[in-house]
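The annotation domain 'Aminotransferase class V' is assigned in TrEMBL to 5-348. For 42, the entry in TrEMBL reads L-glutamate binding site. Annotation source TrEMBL lists pyridoxal 5'-phosphate binding site at 76, 77, 102, 152, 172, 195, 237, 238. Per TrEMBL, N6-(pyridoxal phosphate)lysine is recorded for 196.
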Ligand code: PMP
């Protein structure tokens, strides 16, 4: 059986070379007589796997020693609570920017722990554009400023890093992490659920400036305390070892592709191809302000919703899978993360053109 082009938003397609390597190493990892899944997390072998993954991630993303890199569990959603518990302090307040569904979830959870100010919202534009920074009602004494650089469902992406002054900038990079070069030194904390550009779901990578460690509130569960996780090299409890290993394989694959610079160039090309096609074909539409269109998640609608089911059926038949839009917004969505080959985007565009011609 040949592999399909899987446009799922997450868990998402992984590089075929990574899956091949994982298969080859499955039963006997480098002469140990066992799979990585069966190894003690305290073994020399696994510690080596874990350290290599962290080193490669630091190298890829350009993360300095001022930051701790944590491999945590519970997905990106668990961070919605973990962040305020660690950074808000007793009676503190934090600023949040609302650009869509994932921002809203982060805001709703943070509100359980303190005074949360929504300093800007894309709601007025129907979440189709980033609110003008000059109108953000940020506060200089906020514990942090949180935003979502890429809204996976809406397909709305920042093309800049907000300047938060001396307030630590916190970003949910789940669906944009490692998609292009980014200056991580501008952030206090970033987090990313792994199941898009990094590896299997459940794992969440947290990169935190070390001066922000040690500020957790007293009631913070031990497993959610960044200081504890950092002090224990992300092995306070049994980590998600196999996911960590697989993330490491993805990082090695990315390095072999030429790192984030090369990925960024390919991703820009893939996104441009798809948006250019949508813009020049009356049958399809994407509602996002062109400046803020996501490179990773491309939502689009057909001229007639009654054709959605046929469109998806035809796509499936060609091995173009998971194009159905999120249930909250409808339409279609093509997620084109790092591991989606350019040929996948070409095949999608070709199918879209043919479908429009036949049914439009
Ligand atoms: N934030 C963003 C931007 C996401 O895209 C997602 C998942 N699609 C999440 C958070 C939640 O991630 P998880 O399912 O790993 O909790």
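Numbering starts at 1 and runs along the chain as it is shown here.
Every residue gets a Cβ built from N, Cα and C, even glycine.
Curation does not apply to TrEMBL; its annotations are automatic.
Context for these features, please: burial, neighbours, distances.
When secondary structure is read from DSSP and collapsed to three states, residue 42 (L-glutamate binding site) falls in the coil class. Of all Cβ atoms in the protein chains displayed, 9 besides its own lie within 10 Å of the Cβ of residue 42 (L-glutamate binding site).
When secondary structure is read from DSSP and collapsed to three states, residue 76 (pyridoxal 5'-phosphate binding site) falls in the helix class.
A coil conformation is recorded for residue 196 (N6-(pyridoxal phosphate)lysine) in the three-state DSSP classification, outside any helix or strand.
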Please classify the secondary structure at residue 102 (pyridoxal 5'-phosphate binding site) using three-state DSSP.
helix
For the recorded positions 76, 196, 237, 238, which residues place their CB under 6 A from an atom of ligand 1?
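Correct list: 76.
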Let me know the most crowded of the binding-site residues, choosing from 77, 152, 195, 237, 238 and counting other Cβ atoms within 10 Å.
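When each Cβ's neighbours within 10 Å are tallied, 152 tops the list.
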Give me the largest Cα to Cα distance among 76, 77, 102, 152, 172, 195, 237, 238, the residues the record lists as binding pyridoxal 5'-phosphate, in Å as a whole number.
30
Cβ distance under 8 Å to residue 172 (pyridoxal 5'-phosphate binding site), same chain, sequence separation 6 or more: which residues?
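Looking at Cβ-Cβ distances below 8 Å from residue 172 (pyridoxal 5'-phosphate binding site), excluding near sequence neighbours, one finds 76, 79, 102, 103, 106, 146, 147, 148, 149, 190, 191, 192.
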In Å, rounded, how far does the Cα of residue 196 (N6-(pyridoxal phosphate)lysine) sit from the Cα of residue 152 (pyridoxal 5'-phosphate binding site)?
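Roughly 10 Å, rounded to the nearest whole number.
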